[in-house]
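Going by TrEMBL, these are the annotated features:
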TRANSMEM  31-50  transmembrane segment
BINDING   Lys69, Val70, Lys71, Thr189, Asn293, Phe294, Arg295, Lys313  ATP binding site
DISULFID  Cys118-Cys169  disulfide bond
DISULFID  Cys129-Cys152  disulfide bond
DISULFID  Cys135-Cys163  disulfide bond
DISULFID  Cys219-Cys228  disulfide bond
DISULFID  Cys262-Cys271  disulfide bond
REGION    355-431  region 'Disordered'
Amino acid sequence: MGQAGCKGLCLSLFDYKTEKYVIAKNKKVGLLYRLLQASILAYLVVWVFLIKKGYQDVDTSLQSAVITKVKGVAFTNTSDLGQRIWDVADYVIPAQGENVFFVVTNLIVTPNQRQNVCAENEGIPDGACSKDSDCHAGEAVTAGNGVKTGRCLRRENLARGTCEIFAWCPLETSSRPEEPFLKEAEDFTIFIKNHIRFPKFNFSNNVMDVKDRSFLKSCHFGPKNHYCPIFRLGSVIRWAGSDFQDIALEGGVIGINIEWNCDLDKAASECHPHYSFSRLDNKLSKSVSSGYNFRFARYYRDAAGVEFRTLMKAYGIRFDVMVNGKGAFFCDLVLIYLIKKREFYRDKKYEEVRGLEDSSQEAEDEASGLGLSEQLTSGPGLLGMPEQQELQEPPEAKRGSSSQKGNGSVCPQLLEPHRLRTPSASPLHQE
């Protein structure tokens with residue numbers, strides 16, 4: 001680069017540039033420009049603010065408690081158990097009613113089992129034998145029912161047999177009923193009591209919040225009644241896309257999803273749960289482990305004091321109640337960004353947590369009357385503040401008031417700008 005080029009580059013560093021606007025008086029271009037501006041404005045107003053409610057603060061840390069109750073009675077008459085009435089204490093596991101519970105719909109019953117010796121079931125590879133040396137005494141049968149005694153039992157002079165085992169005999173039968181044992185289970189009812197809380201806004205609700213208590217005694221959830229927490233078992237299976245007879249025979253897992261998406265700017269009565277149902281296990285799989293079952297036993301003693309038991313292999317429907325949701329609220333946005341003293345409230349909301357030494361010194365200052373009187377309480381704040389405080393605002397901030405709208409959980413700070421406190425806190429005034 002020559003000397004002239006370097007000189008020109010240096011001088012250009014001191015140039016000043018400004019923009020020049022050209023106004024094109026073209027109606028088509030002008031109309032297109034205004035339409036683009038209107039589209040952007042409509043997107044912000046309609047989609048961001050009205051539909052997505054982008055101006056609201058959102059709490060997704062939902063706290064939930066679920067209590068379930070099943071009701072219904074069934075009658076059976078079998079050779080193993082005779083005539084019998086089945087109520088909720090017999091067919092619901094666990095009995096206390098949690099968010100996961102199991103309803104028995106089918107059973108394989110093996111009565112009067114005692115600890116004795118008997119032949120291992122055929123079809124178990126480790127239990128097959130042709131001579132006594134194939135059955136090592138004291139060795140448990142892999143995937144079997146007991147411990148080998150050292151003898152090989154063969155039927156009618158057959159070359160192959162099964163090992164003799166010490167077990168609960170007679171062994172469980174492998175046959176299964178061709179229809180559900182508790183057919184009446186289709187008409188059982190499930191009552192789901194759900195309590196929820198959005199800790200950030202100190203808002204609580206539950207499905208029992210109805211004005212007419214007699215409503216719960218006669219209602220059933222359905223297309224015409226979306227807010228009744230009582231469900232017919234057969235209807236839940238159908239809404240999950242399954243057939244009751246099929247799932248009751250081999251068992252399965254049903255998910256009940258409760259969604260709480262609440263606009264907390266509205267009244268608390270407008271915050272309702274929305275239910276959906278789905279089949280969680282693979283209903284299309286026809287493997288040996290398809291369905292849902294487990295075993296349990298009931299133990300007894302005879303007149304001689306010898307223990308025996310009735311073994312039950314239970315097939316049924318496991319219900320998983322899952323709760324999620326979010327609460328949206330306008331108040332934090334107003335408090336932190338829109339009102340005149342927003343800097344003061346923003347500093348208090350996001351106040352730094354100082355060390356123990358600083359906290360101790362502040363406590364001493366307060367005790368001697370040098371600091372600002374504050375009341376501290378544990379637990380999450382009404383608006384998600386790190387800790388609950390009564391905050392005395394500067395005197396010039398103590399003016400104006402606002403009307404309350406909605407469910408009662410709107411900001412009390414906007415009603416009383418000079419004080420932040422929880423409803424249960426007793427304010428300590430500065431002396």
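Glycine is no exception: its Cβ is also placed from the backbone N, Cα and C atoms.
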Between Cys228 (disulfide bond) and Cys271 (disulfide bond): CA-CA distance (Å):
14
Lowest local Cβ density among Lys69, Arg295, Lys313, which the record lists as binding-site residues, within 10 Å:
Arg295
From the disulfide-bonded residues Cys118, Cys163, Cys219, Cys262, pick the residue whose C-alpha lies nearest to the C-alpha of Lys313 (ATP binding site).
Cys118
Consider the binding-site residues Val70, Lys71, Asn293 and say which one has the Cα lying nearest the Cα of Cys262 (disulfide bond).
Val70
Looking only at the recorded positions Cys118, Thr189, Cys219, Cys135 (disulfide bond) has its closest CA neighbour at Cys118
Please identify, among the recorded positions Val70, Cys118, Cys169, the one with the smallest Cα-Cα distance to Cys228 (disulfide bond).
Val70
Express the distance between the Cα positions of Cys219 (disulfide bond) and Cys118 (disulfide bond) as a whole number of Å.
54
Please work out the number of neighbouring Cβ atoms within 10 Å of the Cβ of Val70 (ATP binding site), leaving out its own Cβ.
21
Given the disulfide-bonded residues Cys135, Cys228, which one is most crowded in terms of C-beta atoms within 10 angstroms?
Cys135
Between Cys163 (disulfide bond) and Asn293 (ATP binding site), how far is it from one CA atom to the other, in Å?
27
What does the structure give for the C-alpha distance between Phe294 (ATP binding site) and Cys129 (disulfide bond)? Integer Å is fine.
29
